[in-house]
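Structure first, then comments.
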Amino acid sequence: MASLCTSTTISAFLLILVIHSRHSPVAAFYLPGSYPQRYRPGDTLAAKVNSLTSPSSKLPYPYYSLPFCAPQDGVRHAAESLGELLLGDRIQTSPYRFSMLNNTTPLFLCRTDPVTPDTAELIKSRIDDAYQVNLLLDTLPVMRYLKDPIAPGVVLRSTGFPVGVRADDGEYYVYNHLKLTVLVNKLNATTRVETLMATGDGAELISFNGGKEGGGYTVVGFEVVPCSVDHDAVSFKDKNIYDEIASKAAAGCDPSVVGMRVQDNRSLVFSYEVTFVESSIEWPSRWDAYLEMGGAKVHWFSILNSIVVVAFLAAIVLVILLRTVRRDLAQYEELGSEAGAHTDDLAGWKLVAGDVFREPSHPVLLCVLVGDGVRILGMGVVTIVFAALGFMSPACRGALVTGMFCFYLVLGVAAGYTAVSMWKTVRQGDTAGWKSVAWRASFAFPGVGFAVFTVLNCVLWYNGSTGAVPFLLFLVILFLWFFVSVPLTLAGGLLASRVHHIEFPVKTNKIVRQVPAAQCSPWVFVAVAGTLPFGTLFIELFFIMSSLWLGRVYYVFGFLLVVLALLVTVCAEVSVVLTYMGLCVEDWRWWWRAFFASGSVALYILGYAIYYLVFDLHSLAGPVSAALYVGYSLLMALAVMLATGAVGLGASFCFVHYLFSTVKLD
């Protein structure tokens, strides 16, 4: 079993490396942006293009699905990582080329064939859905700066630029002229710069004139001002690519002025110009403009709010443990020492000592859910820790998703071990059926997640979106599931089956104790309990949702790590309090309630997702985008329920075990 797991794991990671670099095996070990690429004056740089994306439509499309200019030597695909493919990135070469430190006048790019009616409607549809063009230079996305029309003096920034604009007269215009600005930082002659042997997405440096000595320039910024210029297509009929054009409109283009109208049977003319500006921004700080997020005070407010909730619940738990429980123990010991004391004088949680560790209903399902919850929680913690320490640079596109995927595969060991350990504890050492538990842990949440992923991927395939995972990668994911995740989960279960189980401090009676009728259903308290964990994360949840669905960069993983620690603490405290309340009314059925007491936070997250869809994503275009949003939101809520439920049940089990191990029973 161990040799099988080792061989399959090695083969799986080799497959990931092959996917990471379809062109060169060396590129699989290169993290874009890890080292500064040095350029000399006159070196030729080439920009690349990514998929067209839209904040109102969750369907990315290939850049060349619209009639844009293609390179003379043909379109080539860049090597992409596993995370990039899962996120829908499709990076390709473009005809935009620059000569280092050589500013240009407007240059002719291409003249398209006459636009057909279908193509014209497609362009108009992309403009209506606010699709953005995403250029990349030296792994930096192009940045656009705008003046806020509501708040004078405030400058808004966003990555990419719109395909075009719809004017007040109802006509559609394409942004066909780009005023590009490349910010460069001059290296000192004594600066030691390492030269890369290969790159994952093809060579950014087309020609290199310098040696290995220090100096040179690094790219630290990439900005654009898109314009719509009314070029006369007839006058450009004999122009060649990169020819200078004497266009007054292009030379002094104004983003607020529109010119190149989209209409049937009219050719589109594209042009661009570039300006190099020497900047004081150093290479390690070039991502600051992209990662700088507003609302730092809001993050601190969220953390302080969570700390108050944690302190409040911690005080309640301390009161329960130090005062209430000690008082109860003293009373029970006093009654037990009195001659002629009757059990009728006893009340509260001690009366359910013979039933408190009775096997819960559907024990296999509970063990499987807890095992999957531990796996998801472990994946989240490890990923956030690595991201907070800076190991997942934004320059390495898709690194976060790739890391999460790999951690989830490896933590199959934790899922199998936890599920089988809990099964042995519930059955008090009986190992019969542990294989069934381990197998179900291998297919429970992964099966649900893969089913949702497959349905949504088919929808993306049908719509021709780059968000659809390629069929080959789809098969690779299946391979990793069956030949890496499943064996590791079974190995964890095998290890747990050979470890001694946790023994209960009291024996379980053969006759089931009747639970007294309650005035109010305990599940009402379980549902309400989810508000406290939700209160610790709802502010941070807004930033996470904005990052996922509005294309905003989220990189404050330090805040997220603190919020996650507070969330785990609150979930544990809530479950302990509700478990103790149930035992005090002689209700020994605490297993499932402890799981859902903290897991019910998923209901509030799902409710917030619906609220976010209605009030913040009101511009979401089409039922396909809505279906994607709902599908992934349900999957996210399920994952949160499993992770928080595992925390709550684990904390409650430790509390109950400690509570009854302190009682002397006859």
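Cβ atoms are placed via backbone N, Cα and C, with glycine included.
What TrEMBL lists as signal peptide is 1-28. Marked as transmembrane segment by TrEMBL: 300-322, 364-392, 398-420, 441-462, 468-495, 523-549, 555-578, 590-614, 634-660.
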Checklist outcome for this item: Quick tally over 398-420, 468-495, 555-578, 634-660 of CB pairs under 8 Å to the transmembrane segment (441-462) gives the top stretch as 468-495
Checklist entry - Are the transmembrane segment (398-420) and the transmembrane segment (523-549) near each other by the rule of at least 3 C-beta pairs under 8 angstroms (pairs 6 or more apart)? => result no
Next on the checklist: So, taking each listed stretch (364-392, 398-420, 590-614, 634-660) in turn and counting its Cβ pairs to the transmembrane segment (555-578) that are under 8 angstroms, which one gives the highest count?
Outcome noted: 634-660
Checklist entry - Where else in the chain does the transmembrane segment (590-614) make close Cβ contacts, counting only residues six or more beyond its ends and a cut-off under 8 Å? => result 356, 360-361, 366, 369-370, 522-523, 525-527, 529-531, 533-534, 538, 541-542, 545, 549, 570-572, 574-575, 578-579, 582-583, 620, 626, 629-630, 633-634, 636-638, 640-642, 644-649, 651-653, 656
